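This report concerns only the one structure given below.
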Amino acid sequence: MAGCFVQKRIQKEILTLKNSPPPGMKLCDDSLSSPGQFMVEVKGAEGTLFAGEEFKLLFKFGQSYPFDSPQVTFVGNQIPVHPHVYSNGHICLSILTEDWSPALSAESVCLSIISMLSSCSEKKRPPDNAFYIRTCSKNPKNTKWWFHDDKV
Amino acid sequence: MTREIYFERLGASEEQWLSVKPGEKITFGRSVTNRIRLYSEFVSREHAVIEQTNGNIYITDLKSLNGIHVNEVKIKTNIKHQLKVGDKVEIGKPLDCEEWKHLKLCDRFVYEVKEDEVNNLLKRPVMAKVHKSLFSVKQHQERTKMVGIKRKQENVEVASTKPELINILHQPKTEVKLITNNDVSDQDKDVKTQEEKPQHPNGVLLNDNYVAFVKNSTFRKLTRLEKQLEMQREESAKEKQNLEDEFRRRENMLKSELLKYEQLAKENNDTNTKDQLVRKEAELSNLLKEMKEKEKLENEKVAKNEELLRDKEQQLRDEMMKEKVLAQQREKDAAMAAQREAEELAKKHVVGKLEEELQCIICSELFVKSTTLNCSHTFCQFCIDGWLKKKNKVCPVCRAEVTSRNHSLVLDNYIEAAIAEMSPELQERRKMLITERKNAEAALKDPPKPIRKRKRKR
């Protein structure tokens, strides 16, 4: 698939995030230098366990975007302690793999992640965190996720 | 000694008086046709007439706007009102004018009816024909600024109906006037070229300020010319006045001398005196002849000057017409430009809406071969085909299972028509996009073997 085909779509998503970002997220301007990826700063929603905390999400768009989901991981020093987030930043979220739809966008992914953080009731790492970070690939998309918990 | 009744204007210079001889009618008013011209806008063109019949003095209001007040009481119009010595007559006093209360006597037209011996009256300066009011002159100038054209036409009317009665212009003065007018028109030309400059770079002129500016400049021009004409008229009237005064003085002198000689002749019956009398009479007739000639000459000059004036006025009016047409043209242009702008804006708005509503959610482009699924969601054919190649055949928007795909012709036609109206760059981009899609589709028909991604189980 030609590069310029996805370019307009990515460009549009960047523009939306830049000009009218939904509450709680902000595009990092310094991350726009490399093509096909950018960073978004998300804030924990008020009244939740992550209120006041800030995290950085890295979006990487592959050649087959938007037919394939982008790689989305937490980066930086701040990784939220959450049952679905591994300490290396990988996120266990269905829309990032199986349930991805081309109608989704970076904005809707961010919103899903904020919602996921907000519904957390206990700050803890996933039970298999230690094993996973030792064995996983760099790309979370190469992981065959097993989605079992709809509550959080 | 006989006594004569006369009118004296209060608060004014000495020559502003008039005597009324039996059978004589003296008209008052603003227009030049009157015996006494009152220079004020509060005075009607034909305002009043004073006459003497059977030794009584009467004043009649000729249906004037502001009326006549005798001893502060307004008199009835069109009815002879008898005046007696000591009466104070005011001409043209508006009914409710605030400023009138603070006005000096010399700015109003108040005449007192007086009586004096004829000999004393003969010593008075010659009667002035024009009585002025500073207040009215000022007002008059302002009014001229406001309705320059109207005033102009009025003057022309007067000029054409009674050319012989118009104030006389003196030849040398006219030359001066012509020179100054030339100067003025030169200046105007300069101004005009400056004014017309901004018109060229843009092609279409849209500036309202500019139109207003041109209008103002025309009014300024008119006012300037108006003032000049007015000044000239005044000056020439003065000249004429002086000339007449001179003649009258000499006539009076000669007449009195003649009278003296006649008396002498009666008394002495002297041939010598008779000779002198004849000589004097000849002198008088010569003088009269001279006067007539001069008057004839003057009249010719007046006619000539009037013609010149009328030419000038015609020119000015032509100019005004031209400017009016130009202004109309400019207004039309501006209106058209505004309409074009509005259309442009509407087009932009429509394009914005089009971009919003007719975009494929997958590629963020206007639909290329729009395809509608069974769930009523629409995508580009290429985009939805690309997505449905994945194993989960659901709608990207609502995740409903895809059972049918239909080409939407009406959407395609509409988008093509809309794009034909857009800028050439957009059209070019669209063309490129369509060819790109075609190539990609061709490539997909013969697809390279997909590389299976290794998947890890956690």
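Here the Cβ of each residue, glycine as well, is placed from N, Cα and C on the backbone.
Just so you know, TrEMBL annotations never went through curation; they're auto-generated.
Because the structure is a prediction, the values reported are computed rather than measured.
Taken from TrEMBL as is:
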- B:215-348: coiled coil (COILED)
- B:186-199: compositional bias 'Basic and acidic residues' (COMPBIAS)
- B:437-449: compositional bias 'Basic and acidic residues' (COMPBIAS)
- B:26-75: domain 'FHA' (DOMAIN)
- B:360-399: domain 'RING-type' (DOMAIN)
- B:182-203: region 'Disordered' (REGION)
- B:437-458: region 'Disordered' (REGION)
In the same chain, which residue numbers or ranges, 6 or more beyond the ends of the domain 'RING-type' (B:360-399), come under 8 angstroms Cβ to Cβ?
354, 405-408, 411-412, 415, 419, 430, 433-434, 437, 440-441, 444
Go ahead and report the DSSP secondary structure tallies for the domain 'RING-type' (B:360-399): helix first, then strand, then coil.
8 helix, 9 strand, 23 coil
For the domain 'FHA' (B:26-75), would you mind checking the mean pLDDT of the predicted model?
88
